[in-house]
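Working notes, beginning with the structure itself.
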């Protein structure tokens, strides 16, 4: 088949040779690239072309002709349908190889670093049963049964679950029971097309070290007759459940949580032990979903920095202080910068609760706060959202020249972009790059880059 005759709907044979950063298998056909979900390098497959462009196409696995040695039987019975995990069909050791390769490729292609010093991927506990948080959209089946699960790949159709192998198994009993109770009380499920109904999502969260659980219903406006009574029944039925909340989200939006969260039974937070400190974690708090690996990455950061107690540290995008507070015990002063006022309030409470008094928190956008700090910190910790750092943040760092920067990223493409800017003209040098598997069974990877101010950076 020549390049000009490739059409949507055709079946083609492809040898999968790589994985994309979104988790799809990548092969070539007629000098063009083909992206195929649910495949593994080493697979020989028959692919149905779905979306065809001049130089590439997206296809669907039609038939597995020859399996890769890295292909395994998924540990989840709905892995082929559910959009929650992309890689349950891939041997875990190969997942780690692929993630390290993904980091190296991005740093080379986007960052322009010829030989980035990328360590093997950091792992800790099991690659299943690790998630401390689950947020399930709800739906109603054709027979009127309440369903909760994850969206089917490429759609908003809910794949109904009673358990999920990547979630902490202590959350599974609540998933099945809450669906049953919603059904019995005949509470209306939200219909996103008509913007009618009430219950949009079920949120479950657990302290991995304490076992405490929070249950949250995300609702359109909260009109659920008998919800307070039902919340008390849930607390009595499940001793590990410490709080039930309603989050109000009245908007036509794909955002899960709205701005207003109200505790209707128990307490509005769970307690979690992280790095030897006790944190209060609320339903809508950002907290890494793999507690053990997040803690292991913090230990790498502590070891690499080797703080001596005289330093000033700025933690940009600090959230509730998950990294700020443990590191504050090793420096003279720590300053956390965070856009969300609610997160800063929690960070202050967490600091007070743990008796930490050498830390302060400031509310505001990092790109506005950092240039006005008026100090040259010894260490700056960056942990931005997926979009990476604003250009003003990079320029501020290049102007103030802190001796060391630790950049933690959940999207390696934006990390590579920002590192390229920071290392322009040799101002900073990459000392080490440590990736960590915060999201086993998916294509996502967390990365920490350690930068030091070079001699030329000091001289300029």
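Cβ coordinates are placed from backbone N, Cα and C, and glycine is handled just like the others.
Swiss-Prot lists 410 with the feature active site, nucleophile, giving sequence analysis as the kind of evidence. Residues or ranges marked as [4Fe-4S] cluster binding site by Swiss-Prot: 76, 82, 85, 164. Summarising the annotation, Swiss-Prot assigns S-adenosyl-L-methionine binding site to 288, 317, 338, 383. For 5-63, the entry in Swiss-Prot reads domain 'TRAM', with the evidence type sequence analysis.
Distribution of Swiss-Prot features across the structure.
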| residue | record | DSSP class |
| --- | --- | --- |
| 76 | [4Fe-4S] cluster binding site | coil |
| 82 | [4Fe-4S] cluster binding site | strand |
| 164 | [4Fe-4S] cluster binding site | coil |
| 288 | S-adenosyl-L-methionine binding site | coil |
| 317 | S-adenosyl-L-methionine binding site | coil |
| 338 | S-adenosyl-L-methionine binding site | strand |
| 383 | S-adenosyl-L-methionine binding site | coil |
| 410 | active site, nucleophile | coil |
Nonlocal residues around residue 383 (S-adenosyl-L-methionine binding site), in sequence order (Cβ under 8 Å, 6 or more apart): 315, 316, 317, 318, 319, 323, 408, 409
Cα separation, residue 288 (S-adenosyl-L-methionine binding site) to residue 410 (active site, nucleophile) (Å, whole number): 11
Distance, residue 85 ([4Fe-4S] cluster binding site) to residue 288 (S-adenosyl-L-methionine binding site) (CA atoms, angstrom): 17
Chain-mates of 288, 317, 338, 383 with C-beta within 8 Å of site centroid, S-adenosyl-L-methionine: 286, 315, 318, 319, 322, 323, 384, 408
Separation of alpha carbons, residue 338 (S-adenosyl-L-methionine binding site) and residue 164 ([4Fe-4S] cluster binding site) (Å): 33
The domain 'TRAM' (5-63) - residue tally per DSSP class, helix then strand then coil: 1 helix, 36 strand, 22 coil
Separation of alpha carbons, residue 338 (S-adenosyl-L-methionine binding site) and residue 85 ([4Fe-4S] cluster binding site) (Å): 30
For the [4Fe-4S] cluster site built from 76, 82, 85, 164, further residues of that chain with CB within 8 A of the site's CB center: 74, 78, 79, 84, 88, 150, 161, 165, 166, 441
Pairwise CA distance, residue 338 (S-adenosyl-L-methionine binding site) versus residue 82 ([4Fe-4S] cluster binding site), rounded so that it is a whole Å: 34
Nonlocal residues around residue 76 ([4Fe-4S] cluster binding site), in sequence order (Cβ under 8 Å, 6 or more apart): 82, 85, 88, 164, 165, 166
